[in-house]
């Protein structure tokens with residue numbers, strides 16, 4: 001028997017190694033180095049949103065009521081963007097605008113920048129969490145790569161778009177009805193639905209939903225009998241460790257339905273990853289274009305002909321008129337700081353008015 005005589009290998013751990021051991025320890029909820037970014041930012045972002053929707057008015061920024069305290073409900077409450085006069089100020093609590101006054105900070109819209117910036121870093125922290133966990137259990141990082149899609153959309157809509165405009169005022173406020181208002185704004189002022197990047201985004205998201213439904217149904221349809229007898233919900237109580245569904249049967253079925261079918265599971269699942277993530281990225285790229293006020297398709301020849309010929313109209317020209325109506329109504333209501341006043345005869349009227 002050989003006895004090794006020498007210095008003990010157990011040296012005292014440094015601060016970094018001790019922190020690494022604690023952060024990456026196996027526990028019910030993994031923390032990790034990414035958790036140092038994720039958990040505080042997510043906590044502050046959600047806390048700011050709950051605080052704002054419960055107590056904080058938008059009277060000073062938008063001339064609106066936006067909190068439960070003022071009578072709003074879950075669908076109409078929001079954390080509103082700062083006033084347009086504040087441009088792209090970070091609105092730090094200790095900054096020159098609020099000067100440490102918390103009430104004044106809330107009135108100025110400071111909670112919006114607080115929620116938006118902490119929310120963006122929380123999403124980035126969540127993506128890093130997926131990278132970190134994948135590395136620790138020796139998985140490839142496709143989950144984290146896929147999550148780049150939602151991050152790209154959030155950053156482009158809530159941060160890049162208002163940075164390209166005159167201020168945070170033109171970003172979406174954080175609320176359900178507020179997001180609907182923002183969608184109408186995008187349509188009226190940017191003709192967003194005719195933008196090819198929006199079309200690619202819709203194709204990606206709805207296509208992914210279709211793929212998900214088809215894939216789930218096909219796997220359920222081709223589950224192997226596992227000896228327990230027929231059970232519609234066999235997926236919930238599997239008793240076999242090996243592969244549970246037949247790719248060959250699924251391939252045969254869809255070959256007969258469409259004439260083509262996936263023959264490789266890896267290609268099938270990569271396609272299910274590729275379609276929604278690409279759609280989200282295309283939407284994000286389109287919103288960056290809108291930040292720079294790039295136009296969607298303009299079919300000027302149809303507009304000119306419609307102006308000259310009362311009998312000529314297309315769905316495009318009708319939509320252009322609808323957009324003009326949105327702008328006429330929205331500009332005065334949505335941008336009170338501009339003091340816009342339109343003559344009554346130029347405003348579209350509905351039956352209720």
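Note that Cβ sites are derived from N, Cα and C of the backbone, with glycine treated the same way.
DSSP assigns residue 118 (chlorophyll a ChlzD2 binding site) to a helix. According to Swiss-Prot, the feature chlorophyll a ChlzD2 binding site maps to 118, an assignment based on sequence analysis.
Under the DSSP three-state reduction, residue 130 (pheophytin a binding site) is assigned to helix. Same-chain residues at least 6 positions away in sequence with a Cβ under 8 Å from that of residue 130 (pheophytin a binding site) are, in sequence order, 141, 143, 144, 147. If you look up Swiss-Prot, you'll see 130, 143 marked as pheophytin a binding site, on the strength of sequence analysis.
Taking all protein chains in view, 22 other C-beta atoms sit within 10 angstroms of the C-beta of residue 198 (chlorophyll a PD2 binding site). The chlorophyll a PD2 binding site annotation in Swiss-Prot covers 198.
In the three-state DSSP reading, residue 269 (Fe cation binding site) counts as helix. Within the same chain, no residue at least 6 positions away in sequence has its Cβ under 8 Å from that of residue 269 (Fe cation binding site). According to Swiss-Prot, the Fe cation binding site annotation covers 215, 269, on the basis of sequence analysis.
All protein chains considered, the CB of residue 215 (Fe cation binding site) has 16 other CB atoms within 10 Å. Marked as plastoquinone binding site by Swiss-Prot on the basis of sequence analysis: 215, 262.
What Swiss-Prot records for 2 is phosphothreonine, and it gives similarity to another entry as the kind of evidence.
Sequence annotations record features per position, and here Swiss-Prot assigns N-acetylthreonine to 2 based on similarity to another entry.
The annotation transmembrane segment is assigned in Swiss-Prot to 41-61 (among others) on the grounds of sequence analysis. Residues 67-70, 72, 77-83, 106-109, 111-112, 114-115, 118-119, 121-122, 125-126, 169, 173-175 of the same chain lie 6+ residues outside the transmembrane segment (41-61) yet bring a C-beta within less than 8 angstroms of a C-beta in it.
What Swiss-Prot lists as transmembrane segment is 125-141 (among others).
As annotated by Swiss-Prot, transmembrane segment applies to 153-166 (among others), with the evidence given as sequence analysis. Beyond the ends of the transmembrane segment (153-166), by six or more residues, the same chain brings 81, 84, 87-88, 116, 119-120, 123, 172, 280, 283-285, 287-288, 290-293 to within a C-beta distance below 8 angstroms of the stretch.
As annotated by Swiss-Prot, transmembrane segment applies to 208-228 (among others), with the evidence given as sequence analysis.
Residues or ranges marked as transmembrane segment in Swiss-Prot: 279-295 (among others).
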Between residue 215 (Fe cation binding site) and residue 198 (chlorophyll a PD2 binding site): CA-CA distance (Å): 25
Inter-residue Cα distance where the pair is residue 215 (Fe cation binding site) and residue 262 (plastoquinone binding site), in Å: 11
Site with most surrounding Cβ atoms, counting all protein chains shown within 10 Å, from the binding-site residues 118, 143, 262: 118
Alpha-carbon spacing, residue 215 (Fe cation binding site) to residue 118 (chlorophyll a ChlzD2 binding site), which is rounded to whole Å: 36
